Each structure stands twice: as C-alpha cells, then as structure tokens.
Amino acid sequence: MPLFLQGFFSPFNCMDTARGTASVGFVLPRNNKPQTLCQERMDQYARPAEAGAVNTRPSSSEVPQREVNGRLEQNRIDYSREKKKTLQARYIYGIIFLIINLKAWFFRDYGQKVLSHFYNIKACGIDGQDCCHTLGVLRVSLGCFIFFSVMFFTTIKTRKLYEARSSWHSEWWALKLVLLIVSMAVPFFLHSKYIQIYGEFARVGAGVFLVLQLVSVIEFITWWNSYWMPDEQKKQSCSLGLFMSTVFYVASVCGIVVMYAFYGRKIECSLNIFFITWTAILLIVMMAMSLHSKVNRGLLSSGIMASYLVFLCWSAIRSEPTSDSCNKEKANGNSDWTTILSFLFAIGAIVMATFSTGIDSQSFPGKLLSSVEFRKDNVQEEDDIPYDYGFFHLVFAFGAMYFGMLFISWNLNNSARKWSIDVGWASTWVKIVNEWFAATIYSWKLISPTVRQTKVMDHEDSVRQSVNVALP
C-alpha cells in the first residue's frame, strides 16, 4: 500500500510536524496549521463516540428527580406506618377504658370484702367504706378522668403525624402505664368531701357527654340517609332506602305496642303511659315534618331517629325501680343470668358509645378544640393525623364521668344494688330528657334550612323595597 494511503487508514502511523513542511500523510489547511489526514479522520470518529458516551450518562435533572420520587415514596410508607399506629392506639385506649369500667364495678360490689388493705388508708375511713360502693366508683371515675385529661392537654392542637405529640399518643406505652397507675392511685388518698365535689361536677360532665353522643348519632343518621338516598337517578339505592325506612318505622311501631303491653297495662302506670304516648306523638311529628313539601327530607332519617327514640324510652322505663304493678319483670334480689348478661351488655354499650363518639371529630367544629378543622368536606394531606387526638381524649374524659354516674344511678348518696347499672328514678328522668332533647335537635336540623332560606328571602325583599323607595 502506498505511504500516503497508510497514513490515511492507519492513524497510529501518522507523523505530525510542527514545521509546516509538506510531507506524506498530512495537509496544510488554510490557517497554515499543519494537520495530518489521519488526525482529521480520527477527529471524525472521535466526535460521534464522545457524543455516544455523553448520552449514556444520566442528566443532571434526572438524578434529583429520581431522588425526590424516592423520598416521596419513603415518606408515604412512613406516613402509612404512623397512621396504622394511631389507628391501633385508639383500640388500646378503648380496652383501657373497658378495664377501668370493670374496676369501677368491682369496687362497687366487692371492694369492701376483697380489698382489706383499704383499711390502712386514712382517706378510706372506717373499714374502708369511703373507698367502696358509691365513693369507690367515684374515685375510680376520677382516676380515669385525670388520665384522659392529661392525655387531652398533651395532645391538643396536634396536626401532623411527625410531631412529637403524635408519637406520644400512639407510642410510649410503658410511660403511659405509669401515668395511668399514678392517676388511678391519687383519688384514693383524697378526702371523701373532695370526691363528693367531683361527683357534682361529674353530673355536668356526664350531661355534656350525652349531648356529644346525641350530635354524633344525629350526624350518623344524616350521613346514612344521604348515602342510601343520594339522588333520583340511583333507583336501586332509593328503593333500598325506602325499604330500610319502612323497616325502621315498623320496628318503631312494634316497640310502642310492646311497651304498652309490658309497662302500661294498668291505669296506675300513668307515668309510663305518658312516656310511651309522648314518644308516639314525637314519631308522628317527625314523620310529618320530613314529608312536608318545604322540608322534603325523606323517611329514612326520620325512621332511624324514631327507632332511636323508642329505644331511649324503653331504656328509661327499664331504669325504673321494678314493681309488680307496672313492670312484668318482678324485683329479684338474686343475680340470675339475664341480669348478668344485661349488665355486661350495658358496659359494652358504654365503651362503644364513648369510642364511637371519640373518633367522630368530623361531626363537630374542628376550630373548637384543635387547629385542624376535621370536616367531611376537607381534603386531608398525607401527613395529617387521621382523627383529632385532643377531642378523642376529651370525650373519654367525659365518658369517665358518664360511667361513674351510671354505676351509681346518678345518686351520690345511695349505692346501687349488685349487678345493676343505671337503675333508679334519677336515671329514668335523665334518659327521658335525653330522648326529648334528641327529638328537639333532630327537628331543628330538619327545619333549619327552610327557616334560614325564609330569612334570606325576607332580607332580600326588604333590601329591594328600600332600593325602589330610594329611586326617584
């Protein structure tokens, strides 16, 4: 092969010169800088190779994007794990509340016989009587109230899952166990007069709890009505809602008839007859209001509310002291299995009512208790807490007062009999007033949109008339 071709095809045989003289294998460009032919060829092959090498490297914008996506995914996993902890924590608090309820029952019925070490505590009085029966229940209730009040003040205003207060709510169980033991022990060293004062406050706190529970129940009924009967296009849902409303109304009527048969058989039972008759009147009024053309809220919500009112009336009559004349369930001093089952069912109902109300912070104004507004129409972020911790513990604190009143039948002077709960005339009237108050709140919820709309229209008419008068 000629020499100039070797220089062209074999770049490793190229000769460079700095003198600018003509020789085989190189050319003299216009800028008078000598350059071999093979070097030009090498440059032609090198440029595509370098370009290919550059394309295989990740760009500076792609690397941070992948890192950001990785961090976001890790944050989602962490937030999901923290939310799971908080959701599990509320069940633990519910179990703690149940155990304290059983402790209150034990101190009321068997405390003086079993716990002889109370005799050595000065605040418990002679033979430990001030730490058992009614005062024993109030001491246990006060201890529970102290524990959940501390939890309320240490978790209020919590907003995000990564805050320390969120970890305190769902973790640190060993420390909270110590706090619980101390809270439950402190009331047993207080004088009985301070426990009596707490009992008076507990009546008010139990009333507040009943109001919170009523609001939660009514909000649930409203949600259920909108879920089963959302609009006219979903014919299947509307049909099912109509069927459910029929079932609830039939159950309510049957409940009225059964209460007349069991608790209003004689003229002497005039108070029971009044309770049952007034409940039936409330059912008719609520149904008429729901079907009114200006309200038109359907029958499902009023049917559910009717069943709830019948249940409250039945519970109130059941709380009356048993007698042969107005109650077929004769007084029986022995603790038969039906009484025990009713008692255990009542304790479970107390715990479930407290738990369901505590997690239902969406039914209440969020600005009242927390900086986070827990409303059903708000969009929650990933790092937001799933429920209001402060409201949750506050409801449990009021629930402690509530179960204290139920175990002593709202009477601070006399102790209830064994295996009984919420029995006595005070309990009866509390439930009856609760029933009437529930009917009032629900009725106002039905007519309030119409009343507000009427006021707005009247205001617009008055403004329009004033404008017309002002014009010449």
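Just so you know, glycine gets a Cβ as well, placed from its N, Cα and C.
Beyond the transmembrane segment (91-110), the same-chain residues lying 6 or more positions past its ends with a Cβ under 8 Å from any Cβ of the stretch are 131-134, 136-137, 139-141, 143-144, 173, 180, 184, 343, 347-348, 350-351, 354-355, 392-393, 396, 399-400, 403-404, 407-408, 415-416, 418-419, 421. What TrEMBL records for 91-110 (among others) is transmembrane segment.
Among the features that TrEMBL reports, transmembrane segment is placed at 131-153 (among others).
Same-chain residues lying 6 or more positions outside the transmembrane segment (173-190) and placing a CB less than 8 Å from one of its CB atoms are 92, 96, 100, 103, 118, 121, 123-124, 131, 138-140, 142-144, 146-147, 150-151. As annotated by TrEMBL, transmembrane segment applies to 173-190 (among others).
As annotated by TrEMBL, transmembrane segment applies to 202-222 (among others).
Under the heading transmembrane segment, TrEMBL lists 242-263 (among others). Here the transmembrane segment (242-263) has long-range neighbours at 228-229, 269, 272-273, 276, 279-280, 283, 287, 298-300, 302-304, 306-307, 309-311, 313-314, 317, 326-328, meaning same-chain residues at least 6 beyond its ends whose C-beta is under 8 angstroms from one of its own.
Among the features that TrEMBL reports, transmembrane segment is placed at 270-292 (among others).
Marked as transmembrane segment by TrEMBL: 298-317 (among others).
Look at TrEMBL and you will find 337-359 (among others) tagged as transmembrane segment.
The feature transmembrane segment is assigned by TrEMBL to 391-412 (among others).
Counting Cβ pairs under 8 Å to the transmembrane segment (337-359), the stretch among 131-153, 202-222, 270-292, 298-317, 391-412 with the most such contacts is 391-412.
Between the transmembrane segment (391-412) and the transmembrane segment (202-222) there are 3 or more Cβ pairs closer than 8 Å, counting only residues 6 or more apart in sequence, so the two stretches are in contact. Long-range Cβ contacts of the transmembrane segment (202-222) within its own chain (Cβ-Cβ under 8 Å, at least 6 residues beyond either end) map to 138, 141, 145, 301, 304-305, 308, 353-354, 356-357, 360, 362-364, 395, 397-399, 401-402, 404-406, 410, 430, 434, 437-438, 441-442, 445.
For the transmembrane segment (298-317), the residues of the chain that approach it from at least six positions outside its boundaries are 217-218, 221-222, 224-225, 228-229, 241-242, 244-249, 251-252, 255-256, 259, 263, 272, 275-276, 279, 282-283, 286-287, 289-291, 327, 427-429, 431-432, 434-435, 438-439, 442, 446, judged by C-beta separation under 8 angstroms. Counting residues 6+ beyond its ends, the transmembrane segment (131-153) has Cβ neighbours under 8 Å at 97, 100, 103-104, 107-108, 111-112, 115, 118, 121, 123-125, 169, 176, 179-180, 183-188, 190, 192, 195-196, 198-199, 202, 205, 389-390, 393-394, 396-397, 399-401, 403-404, 407-408, 411-415 in the same chain.
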